[in-house]
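Student: Sharing a structure below in structure tokens format, with a few things to ask.
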Amino acid sequence: MVGLISTSETLPKQESKSSSAPVSNFLSPNNLTEQTCSPLRAHSTFKEPVFLLSQRQYSHNSKILTELINSVKRPNKPDQNEEKSAVGIEEKSFKDEHLAQKKGLHHFADLKEIFLNKNLSTLDGLQDASLHDNIQSGKLDNPVISQNRRIVLEKLANPNSSKEYETIPTVENRHPLNKLSKTKTLAYEETINQLDETPGGTNYPMNKKKTLSSETNKYEYPQQSKFHECSQFASPRSSIVNGPRTLGKNSKRADDTARMASRMKPSNFNNNIQSSSYGHASQSTKLTSQRDNDHQKDLNFSPYKSIPLNNRPYSPMSEIVGFSGSTTPLDTYGNRPSGKKFNKNSKFRPPGSTISSYSSASTLRRLPRAPGSKVHAERQNSTFNSGISLRALRKEMGNTAPVSSNQLLKDADLVMENLSTRNTEKVLREVNILKRLRESCVAITAKSYDTLDERKIRSLTTFEYLEIKNFQKIYFTGSENCQKLSKQIPLDECNEALFDDDNGDYKAIQGDHLLYRYEIIDTVGKGSFGQVLKCIDHKRGQVVAIKVIKNRQKFHGQTLVEVGILKRLCEADPADKNNVIRYLSHFDFRGHLCIVTELLGSNLFDVIRENNYKGLPLIVVKSFALQGLQALRLLQGQNIIHCDLKPENLLLSHPLKARIKLIDFGSSCFYNEKVYTYLQSRFYRAPEIILGLEYGKEIDIWSFGCILAELFTGVPLFPGGNETEQLGYIMEVLGPPPMALIRNSTRSKAYFDSEGKPHPITDSHNRLLVPSTRTFSQLLNTKQASFLDFLSKCLKWDPKDRITVDSALQHEFILGKTSQKPMVSKGSHPLPDLPV
């Protein structure tokens with residue numbers, strides 16, 4: 001069916017005959033004869049040029065059609081010059097062509113030729129085209145306004161007719177189309193029938209179409225133009241005559257609006273499918289602002305807002321057309337749950353809630369983390385490409401080369417820097433303190449007791465006065481205002497034990513000295529071995545960390561082993577490229593063995609805690625995994641087992657970067673010099689330790705896998721309250737251990753019966769821990785295949801089946817198969833670097 005705006009009696013017949021160019025497959029101009037058009041000419045008084053609309057192109061020219069409808073004028077006065085009117089129309093068409101070219105509508109020239117040369121008029125098609133234009137643009141007018149416009153145009157075309165129109169339908173009727181009364185003129189009906197019998201018409205034998213139904217439940221979506229930039233196939237569920245149908249189950253996932261797609265030029269199409277917060281903000285800011293304005297207009301003007309739609313909330317995405325290859329769920333703007341009430345078990349996922357492994361650091365501040373709802377391997381939800389898998393994304397990117405370790409570390413540093421902006425005040429305070437410390441560090445020339453200043457000698461206590469004579473080199477004797485502990489010790493009761501507390505730890509006082517060389521600044525941490533102090537080395541003029549071991553005989557032997565291991569590792573890695581803490585020196589002071597090392601930052605458990613136990617982005621976890629494996633490779637190259645891998649023993653070497661170093665070799669041993677049979681922290685304890693089996697370097701691989709899982713989720717993978725519960729959590733995922741391990745276990749009777757079946761185990765909440773009832777994918781709440789495969793190879797019952805360090809470094813999870821650099825949003829700002 002063809003919709004007309006106006007006709008002209010003054011156009012020469014040559015122009016009418018010259019318009020024999022094909023309009024579309026829907027209507028052939030050869031079928032439009034003078035006899036066909038004569039009924040309408042008899043009733044036409046317009047002196048404007050003819051505008052013929054092709055409904056096969058209405059979705060491609062919807063905005064132009066709306067502008068033409070709004071620009072229709074009343075009949076010119078009798079004395080008005082026809083040439084001026086024609087010139088005005090020609091100028092208007094030139095502006096429309098310029099607007100069409102700007103919007104990328106490449107078929108406007110053919111449409112304009114049809115507009116200027118055809119000589120038909122019918123208003124029924126005009127109403128359909130006008131309605132579809134409004135649906136496509138998301139700005140469906142008020143039915144009253146549409147009806148009034150129809151009446152005005154009908155009056156303009158037939159000023160002498162006396163048509164009567166039906167009552168204007170209200171919004172409650174939910175009838176988006178207006179109907180003409182049954183009192184249509186005979187000429188009008190005859191013209192409609194003749195047009196419908198043309199090829200493509202509703203009454204054409206090859207494609208009969210249903211008549212317009214008054215039941216809105218049978219409405220269907222208008223068919224999208226095949227010329228649309230984002231369209232490839234016309235929807236078979238569409239019908240121009242029947243109009244849009246109501247939203248049902250089949251429309252819960254549908255294509256994006258042609259209104260939104262028409263504003264996106266093909267040159268920017270790839271940029272627009274990416275999330276604006278991830279992509280180049282400078283290129284998408286204007287488009288995003290325009291999209292937000294149109295969305296607000298849709299909420300204000302759409303008639304579906306007041307219509308009950310089978311428990312489906314209104315969304316501007318309800319007016320949708322396109323091909324089924326790109327679908328998106330209905331965006332429930334009004335009923336979207338808040339972040340605090342988000343249910344991780346719900347199937348609902350708000351748009352933009354998933355990120356890829358190489359995700360933008362700027363979005364990490366607003367996305368949920370595992371074990372809540374984070375999905376690391378899926379592509380960012382977009383209105384055009386939500387259904388594309390990661391495999392298709394990688395193929396589309398065309399980059400399957402492994403990611404270099406340097407690139408991985410740089411990308412993780414960028415993400416870690418943006419994570420640090422959450423605690424900007426704390427990080428800046430730490431950076432400033434460390435900066436002042438380093439600026440105050442000045443190397444001092446050593447002096448003997450005979451060359452000391454009188455002022456320093458007067459500051460010595462009675463105990464120090466006798467003690468200092470045993471030191472040949474003196475660098476620091478304590479700050480002036482320091483309340484030294486030695487002042488409280490009488491000379492006749494001098495004993496090294498008086499400097500210790502009840503646990504054997506040294507009583508460190510800020511401003512006091514160690515070995516008349518190191519100035520105590522602060523206490524960094526404490527443990528079963530003793531404590532770690534932040535100090536200034538006045539000999540080297542640098543800030544160091546000193547591990548002060550407890551004054552207990554049982555710790556002395558292992559401390560000497562630790563010193564030997566640190567020395568060996570530093571000699572094997574002189575360039576400091578394998579992420580192991582740097583050993584500087586060691587000494588014995590007042591009954592305490594002290595190990596001097598470089599000063600590092602927070603441990604990874606503190607990082608998880610500062611992130612509210614929500615876990616870290618996968619790219620950061622991958623970076624930590626790479627660095628940890630490099631450290632383990634160095635250890636195994638020197639036949640060393642760490643024996644106590646846990647997040648607390650992995651420290652950041654820089655507060656703003658994802659760089660870590662392995663520390664605490666107090667439980668470490670060489671392969672042939674195993675000291676303990678019961679070691680490792682419980683959450684990271686290998687099964688062979690629990691079962692009392694022989695152990696080797698493989699226990700570090702088990703602990704390493706547990707650490708990566710905890711970094712990703714924010715909570716321990718196997719949080720057993722005791723060894724029995726710990727074994728129950730492991731069997732929940734891995735099932736019972738092999739019979740070979742049970743038979744060789746020295747503690748098998750505590751956990752298994754004579755047939756190797758595990759005894760019933762309950763956790764602290766009296767929940768029965770049933771073997772083989774959970775998976776890594778469930779515990780980690782992710783489907784990242786390479787990460788899950790990596791963990792499954794680290795966590796095996798039999799140590800011989802676990803992945804080796806060399807194989808782990810070549811695993812797909814470490815190497816990666818895609819490299820998409822994370823981008824920092826314009827709103828974020830980098831924190832200052834630490835002073836050198």
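Glycine is treated like the rest: Cβ placed from N, Cα and C.
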Student: Under Swiss-Prot, the annotation region 'Disordered' belongs to which of these stretches: 77-99, 169-191, 192-214?
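Tutor: Within the set 77-99, 169-191, 192-214, Swiss-Prot attaches region 'Disordered' to 192-214.
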Student: Val524, Gly525, Lys526, Gly527, Ser528, Phe529, Gly530, Gln531, Val532 show up in Swiss-Prot as binding ATP; which entry in Lys539, Lys547 does that record put in the same site?
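Tutor: Within the candidate list, Swiss-Prot flags Lys547.
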Student: Can you tell which of Tyr671, Tyr678, Tyr695 Swiss-Prot marks as phosphotyrosine?
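Tutor: Comparing Tyr671, Tyr678, Tyr695 with the record, Swiss-Prot tags Tyr678 as phosphotyrosine.
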Student: Can you give me the residues near the recorded ATP site, meaning same chain, not Val524, Gly525, Lys526, Gly527, Ser528, Phe529, Gly530, Gln531, Val532, Lys547 themselves, Cβ no more than 8 Å from the center of the site's Cβ atoms?
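Tutor: Along the chain, the qualifying residues are Val548.
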Student: To see if you understand the setup: which same-chain residues, six or more apart in sequence, place their Cβ under 8 Å from that of Val524 (ATP binding site)?
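Tutor: Set apart from Val524 (ATP binding site) by at least 6 residues yet with Cβ under 8 Å, we have Gln531, Val532, Leu533, Lys534, Ala545.
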Student: Around Tyr678 (phosphotyrosine), which residues of its chain at least 6 apart sit with Cβ under 8 Å of its Cβ?
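Tutor: Ile689 - these are the non-local Cβ neighbours of Tyr678 (phosphotyrosine), listed in sequence order.
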Student: When you look at Val524, Gly525, Lys526, Gly527, Ser528, Phe529, Gly530, Gln531, Val532, Lys547, which the record names as binding ATP, what is the longest CA to CA distance in angstrom?
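Tutor: Binding-site diameter by Cα atoms for ATP: 14 Å.
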Student: So what's the average pLDDT for the domain 'Protein kinase' (518-814)?
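Tutor: Result for the domain 'Protein kinase' (518-814): average pLDDT 95.
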Student: Just to verify a number: CA distance, Ser528 (ATP binding site) to Asp644 (active site, proton acceptor), in angstrom, no decimals.
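Tutor: Checking the Cα atoms of Ser528 (ATP binding site) and Asp644 (active site, proton acceptor) gives a distance of 13 Å.
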